[in-house]
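J.: Feature list, courtesy of TrEMBL:
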type	residues	note
TRANSMEM	6-24	transmembrane segment
TRANSMEM	36-55	transmembrane segment
TRANSMEM	61-81	transmembrane segment
TRANSMEM	172-191	transmembrane segment
TRANSMEM	203-219	transmembrane segment
């Protein structure tokens, strides 16, 4: 139970970043939209864990738990490397543009959140302006918009779901990840502007570190 809870926390931290990113743009994510995002996470985790159990039933050369632990360590290592690389490449100043009237305007494209599709070693960077994030201009993430966001967030947990099944973590982790995802998005909206940048910078390292620790403990 404890290991499943830690894994759920690691997989849902992206939701915290998403909630804060939209909160900074004064775009609200209502509970109904959070539920849609949670449903996408549930579906993705169910499919991935089912695939993991299928793989487990076919493995004869290597113990499934060892393979799952190695996959978790690989996922965590990749995510940690990408976070460190992103920090190293971060520019010191954000460029601005001036309008025809001479007024300073923010860069119209900013990275609101970065989602790691760790299993394939692919990083999907979702660049949104406030207007693009809120398609209908209502200042609220609608059900349709939340479906797109939910699919993006659920991709991040897919590979970890396969690894979790290989290591023997039971199905109830799906519910934990779903509830934690919703809670983290809500928390991100509430904490917008209340946490110092230094704290937020450290939080980015947690998912990778936690996944590495879980994998290491499974091997031990």
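Cβ coordinates come from backbone N, Cα and C, glycine included.
Model, not experiment: these values are computed from the prediction.
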J.: Same-chain Cβ contacts of the transmembrane segment (6-24) under 8 Å, 6 or more residues past its ends?
T.: 37, 112-113, 115, 133, 141, 149, 153, 156-157, 160, 164, 169, 173, 176-177, 179-193, 200, 203-204, 206-207, 210-211, 213-214
J.: Within the same chain, where does the transmembrane segment (61-81) have neighbours whose Cβ lies under 8 angstroms from its own Cβ atoms, ignoring anything closer than 6 residues to its ends? I mean 6 or more beyond.
T.: 52, 55, 116, 118-119, 121, 159-160, 162-168, 205, 207-216, 218-219
